[in-house]
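Undergrad: Dumping what TrEMBL says about this protein:
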- A:17-84: domain 'Transcription regulator TrmB N-terminal' (DOMAIN)
- A:120-185: domain 'Transcription regulator TrmB C-terminal' (DOMAIN)
Protein chains: 2
Amino acid sequence: MSSDPVEDPQTAAIEQLEQFGLSAYAARTFVALSSLGTGTARDVSQVSEVPRTRVYDAIDELHERGLVDILQSSPKQFWAISAETASRTFEHELQHRTELLRTALGELEPAERRTEQRGVWTVDGQTAVTERVLDFFASAEEELVYMTVEELLTEDLIEELGEAADRGVSIKLGGVSAEVQERIQDEIPGATMFESLWVWSDTSAGRLMMVDGRKTLVSALVNGVDAGPSDPRSETAIWGEGDTNSLVVVLRAIFTWRLDAEEPT
Amino acid sequence: MSSDPVEDPQTAAIEQLEQFGLSAYAARTFVALSSLGTGTARDVSQVSEVPRTRVYDAIDELHERGLVDILQSSPKQFWAISAETASRTFEHELQHRTELLRTALGELEPAERRTEQRGVWTVDGQTAVTERVLDFFASAEEELVYMTVEELLTEDLIEELGEAADRGVSIKLGGVSAEVQERIQDEIPGATMFESLWVWSDTSAGRLMMVDGRKTLVSALVNGVDAGPSDPRSETAIWGEGDTNSLVVVLRAIFTWRLDAEEPT
DNA sequence: CTTTTTGTGATTAAACGAGTTACTTTTCAA
DNA sequence: TTGAAAAGTAACTCGTTTAATCACAAAAAG
């Protein structure tokens, strides 16, 4: 899906430009012009393999987007804005768009979202799961238990943990190696560590968390079946919320049992 | 093209979501779910007017993107992530993508871009013109003359002017009213002001600039014809570069004549 | 056990975009 | 000046995508 921007800059750039709403021709035209700096329809057509007659349409599209300037001569000459300017332009536009989306969605979001008592929700994909975990961290008020394999303990998670700790949430971390424990202790002095509840298998591990004894999440990495080893879409999780939620009840039982055993209050 | 996110949040949100690559059904489904918080295919279908049988596909799409979690029961329940989380997700993804684009384009950009001597380039649209002006500001080494109507002297322009001044570029600003001159003097102490070269008509004004005597740009606002008054696409500009460039020659002549007259070196 | 709901799959129809071709205008060289 | 090549415009074809409809099996509910 996404090419390496250093290995194959052409393809990578074209890919992104198309994602940002440009037509295939416009994307390839812009990439061609970027490496040329400046050129005619003919030049562009040769390096981009866009039919010469359609370069003009592509240029129109790019000109309207402010990515290409036109020299009115014969033959017409086209000039692509610099890589830096182009990126900045897109960045601004997309920043603006996400802001629009944010206010629009915020506007129509109901005041209070019902917290589900029954049932267990599923999330797929590592980024999506991480996002959910971050939400949970952010909503923690008193206690936060997080058990994970190290590869899933990323910078942003540690950061969010730190913030939770700052507002007085008691953090309990498990499953991390001795070396990493050191580092965590530095960044989040308030955190307490505990040993893995069981032998945390390397193969199909995941995360396990509980927030304030009323929100829980369990995830597993699903390598091997039909997902590559480092495929970000290779994690699947379930979570539940509410005091009487079945998943919550089960996990709370386990956690309280083991944690109390290790460090009795 | 783009609706007001406060006036009509639904439409605005749907619009943006589609721009971000979601199908029409997925976009409308997500918006419906956002206002519901949680709901079944039936619920969604009713408020979004997406055919019930197609809600499932839409949900799949959203689930894969990590925007919706699924409760495996009968009937299935769907849960939309919060407005804030959704926006953040998109923000991250797009941030990442522009970064990809930046490195990809940078990779294939030629080392030195030929500076055009002959001919005059055209740019349309206020944002595009502003972008070009910013580029010019950034490339200034010694002298920068900028004459504009006030509505086109935005914050980012002033900022970039300030940076130019900091690195020793002599700034000459024209066409701004007395009040604004005050403010500029505060922000950019090194700048010198000069009176408008001629009566700067309010109706179809624009900008006029020269950098180091070898890059020039002229723009005009084209209100009235077929563009709304506040339509951002209502500015059109031409620019040229190089000592012998025709536009440069003409404007340099005018500027030197008038500026020397006003404040002789 | 019948009757709605729910979910899946296949099918149709319209829209869009890539690619091609035909044709007019301009440029340049003989 | 004129003929050939290049530049520019415009129409059309074809294939893919996607919205929308329909048919049907499985599952709840009465």
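A Cβ is built for glycine as well, from the same backbone N, Cα and C atoms used for every other residue.
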Undergrad: Check the domain 'Transcription regulator TrmB C-terminal' (A:120-185) for me and report the mean pLDDT.
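TA: Its mean pLDDT is 90.
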Undergrad: For the domain 'Transcription regulator TrmB C-terminal' (A:120-185), give the DSSP counts of helix residues, strand residues and coil residues.
TA: 37 helix, 15 strand, 14 coil
Undergrad: Please spell out the DSSP helix, strand and coil residue counts for the domain 'Transcription regulator TrmB N-terminal' (A:17-84).
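TA: Here the numbers are 39 helix, 10 strand, 19 coil.
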